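Visitor: Right, I'll just put the structure down here and ask away after.
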Amino acid sequence: MKTKITLSGFAGTGKSTVGKRIQEQLNFEFVSVGNYSRQYAMEKYGLTINEFQEQCKAQPELDNEIDEKFRLECNSKENLVIDYRLGFHFIKNAFHVLLKVSDESASKRIRLANRSDEVTSTKAIQQRNQKMRDRFQDNYGVDFTNDKNYDLVIDTDDLTANEVADLIIEHYQKSNAVSKIPSVNFHLWQPCNMRCKFCFATFLDVKQEYVPKGHLPEDEALEVVRKIAAAGFEKITFAGGEPLLCKWLPKLIKTAKQLGMTTMIVTNGSKLTDSFLKENKAYLDWIAVSIDSLDEENNIKIGRAITGKKPLSKAFYYDLIDKIHQYGYGLKINTVVNKVNYKDNLASFIAKAKPKRWKVLQVLPIKGQNDNKIDAFKITDEEYANFLDTHKDVETIVPESNDEIKGSYVMVDPAGRFFDNAAGTHNYSKPILEVGIQEALKTMNYDLDKFLNRGGVYNWNTNKNQDLRKEEVSYE
């Protein structure tokens with residue numbers, strides 16, 4: 001997994017501005033050989049950068065000295081974005097980017113940035129660029145303008161600095177993708193205000209053994225999200241427990257969105273307020289509401305009720321769905337088919353609700369999660385098939401049998417560990433924040449074919465899922 005990004009290119013490509021934007025988005029440290037040279041010249045020789053550059057003309061070995069020191073420092077660290085034309089040559093374990101710009105655009109950008117110490121005519125820029133190219137070829141025998149030296153080459157003429165940064169982040173994350181399955185469910189919050197008796201993600205074991213509060217601290221949860229994004233996952237679903245009990249859920253959603261992921265929450269709906277819907281519409285793409293039945297008595301039997309006693313009404317669900325549509329979210333409905341509701345007919349409700357996806361899951365026994373109560377809710381394959389047959393005319397239905405569920409989801413538990421359920425129990429990795437994404441994934445048993453066959457890849461980039469990172473930033 002590459003832990004650094006290097007930026008190369010001629011003057012006027014906006015390397016510094018782009019680098020700082022990437023720093024903000026990926027929480028990387030931004031370093032530049034120019035800033036390093038200024039500091040080094042003053043601390044070691046007591047010279048300004050202009051004085052030092054004049055001395056380098058008489059003593060070319062000083063350039064080599066800077067490159068050697070800078071190379072060693074950068075290679076000793078991780079999570080860097082590096083403004084360095086020779087980064088492709090000297091920096092290891094990095095994603096190398098070349099930024100291109102026409103001489104005319106470079107001249108205009110330098111003038112607009114009011115960099116009084118730089119010449120701005122196109123002829124002067126051409127001469128400066130050629131001298132730079134010749135110097136690197138003479139000193140190191142490399143051509144920093146050769147596209148073949150880079151992982152990504154971008155023509156920046158018609159792009160803003162933000163657009164360039166976004167392209168780099170997108171390609172960097174894809175290059176680092178360590179999972180063939182592009183989506184992940186982060187069960188960040190173990191506590192829940194409902195008491196579904198068949199719940200196959202209670203995480204009582206996790207709470208008892210690892211996180212007594214049932215969740216990570218805010219800063220650690222944010223770091224898990226950053227690492228998930230950096231690993232190349234394209235979509236993240238925040239689940240629980242009940243994720244809306246988490247006060248910092250909006251921060252996690254915003255961070256995930258700014259890092260380029262499609263965002264979703266899975267909620268029982270009881271805490272989905274107008275204020276949440278209004279305040280998060282810029283960063284949250286999808287809302288999945290868990291609705292097993294519209295019959296309040298059935299929901300009490302199931303436990304899908306607040307504290308297990310207060311079910312949500314049919315009117316509540318209809319009103320909630322209207323609000324979700326009103327604010328422009330992509331709507332998904334999840335229904336767990338079990339012994340209590342397998343004879344229900346929800347076709348009329350689904351027709352009115354108009355979800356883009358109606359996921360219909362066969363209730364799933366998971367050892368260590370729902371052993372004590374699952375027997376009363378298990379259904380046969382035939383009973384599950386009957387429910388599907390009742391709703392065969394629903395176009396948006398997405399069935400998931402027990403076999404299709406097991407091993408087909410990439411999931412993270414409330415302690416920040418990957419887990420799978422392929423063997424009918426939870427198998428946990430080491431914590432992501434201790435060993436990293438790649439190492440944590442090694443012990444997981446995820447099945448790409450199952451993921452694809454159950455429809456795990458779909459058009460989650462809806463019109464709601466637009467790029468919200470493009471706040472205009474001028475080149476400096």
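For all residues, glycine too, the Cβ spot is worked out from N, Cα and C.
As annotated in Swiss-Prot:
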type	residues	note
REGION	1-168	region 'Cytidylate kinase-like domain'
BINDING	Gly9, Phe10, Ala11, Gly12, Thr13, Gly14, Lys15, Ser16, Thr17	ATP binding site
DOMAIN	176-400	domain 'Radical SAM core'
REGION	183-476	region 'Prokaryotic viperin domain'
BINDING	Cys192, Cys196, Cys199	[4Fe-4S] cluster binding site
Visitor: So which other residues, same chain and not among Cys192, Cys196, Cys199, have a Cβ within 8 Å of the centroid of the Cβ atoms at the [4Fe-4S] cluster site?
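Guide: Close Cβ neighbours, site residues excluded: Met194, Arg195, Lys197, Ala201, Thr202, Gly241, Gly303, Arg304.
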Visitor: Out of Thr13, Thr17, give me whichever of these binding-site residues has the highest number of other Cβ atoms within 10 Å.
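Guide: Selected residue: Thr13.
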Visitor: Counting distance between Cα atoms, which of the binding-site residues Cys192, Cys196, Cys199 is nearest Thr17 (ATP binding site)?
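Guide: When the Cα distances are compared, Cys192 comes out closest.
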Visitor: By CA distance, which of the binding-site residues (Gly9, Thr13, Lys15) lies nearest to Cys192 ([4Fe-4S] cluster binding site)?
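Guide: Ranked by Cα distance from Cys192 ([4Fe-4S] cluster binding site), first place goes to Lys15.
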Visitor: Using a Cβ-Cβ cut-off under 8 angstroms and a sequence gap of six or more, which residues of the chain neighbour Lys15 (ATP binding site)?
Guide: Leu7, Ser8, Gly9, Ser32, Asp83, Leu99
Visitor: So what's the mean pLDDT when you look at the region 'Prokaryotic viperin domain' (183-476)?
Guide: 93
Visitor: Whole-number answer please: how many Å between the C-alpha atoms of Thr13 (ATP binding site) and Cys199 ([4Fe-4S] cluster binding site)?
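Guide: So the Cα of Cys199 ([4Fe-4S] cluster binding site) lies 54 Å away from that of Thr13 (ATP binding site).
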Visitor: Please report how many Å separate the Cα atom of Cys199 ([4Fe-4S] cluster binding site) from that of Ala11 (ATP binding site), as a whole number.
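Guide: Distance between the two Cα atoms comes out at 58 Å.
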Visitor: Reduce the DSSP letter at Thr17 (ATP binding site) to three states and note it down.
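Guide: The three-state answer is helix.
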Visitor: Which residue among the binding-site residues Cys192, Cys199 has the fewest other Cβ atoms within 10 Å of its Cβ, if you could check?
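Guide: So among Cys192, Cys199, the binding-site residues given, the one with the fewest Cβ atoms within 10 Å is Cys192.
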Visitor: Ten-angstrom check, please: count other Cβ atoms within 10 Å of the Cβ of Gly9 (ATP binding site), all chains counted.
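Guide: Counting Cβ neighbours of Gly9 (ATP binding site) within 10 Å gives 24.
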